[in-house]
Amino acid sequence: MSQKPSVLFVCLGNICRSPLAEAAFRARAEEAGLDVETDSVGTAGYHIGEPPDLRSIAEAANHGIDISGYRGRQLSADDYTRFTHILALDHSNLADIRERAPANSTAKIALLLDQVPTRKGSAVDDPYHDGADMFALTWKLVDEAAKALVAELRDGSD
């Protein structure tokens with residue numbers, strides 16, 4: 001891969017799942033010494049400029065990561081050429097990402113959990129209407145995918 005890897009994580013509002021996915025991936029990439037760019041966005045503009053959900057902030061803090069400074073933003077046309085990978089947290093957002101892709105898109109667009117062979121086709125469900133236990137499960141899933149993605153990028157198999 002000639003371009004520096006860059007990964008964009010996408011959920012609906014960019015306050016629960018995608019900030020956790022970004023945080024997990026950033027931490028795993030740093031541990032591996034992998035030079036990457038990463039960000040997270042929502043397909044909807046509900047929370048532009050807002051910090052992550054307090055439960056996401058708390059879950060990231062449980063893993064020694066501070067995401068309180070993250071701010072929500074919405075997927076833009078520029079993201080399709082800025083990032084080498086655009087990874088959706090669920091099927092609905094994957095469909096929205098693909099539908100909005102401009103003709104000049106160069107990003108690999110996929111479902112996040114497709115990075116994990118035993119979870120291909122699975123979604124990371126939105127924990128917004130649930131309790132802290134669902135945020136812990138969200139972390140478990142996005143961290144598992146982050147580890148797999150870092151290994152793939154480090155080994156140059158993508």
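Just so you know, glycine gets a Cβ as well, placed from its N, Cα and C.
Feature annotation from TrEMBL assigns active site, nucleophile to C11. Sequence annotations record features per position, and here TrEMBL assigns active site to R17. Among the features that TrEMBL reports, active site, proton donor is placed at D126. Annotated domain 'Phosphotyrosine protein phosphatase I' per TrEMBL: 5-152, in sequence order.
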Please give me the CB contact count at 10 A for D126 (active site, proton donor), counting all chains in the structure. 18
Go through C11, R17, the listed active-site residues, and name the one with the sparsest Cβ surroundings, counting other Cβ atoms within 10 Å. C11
Per DSSP, what is the residue tally for the domain 'Phosphotyrosine protein phosphatase I' (5-152) in helix, strand and coil? 66 helix, 21 strand, 61 coil
Integer Å value for the Cα distance linking R17 (active site) with C11 (active site, nucleophile) is 6
Rounded inter-Cα distance in Å - the residue listed as 'active site, proton donor', the residue listed as 'active site, nucleophile': 8
For the domain 'Phosphotyrosine protein phosphatase I' (5-152), the mean pLDDT of the predicted model: 98
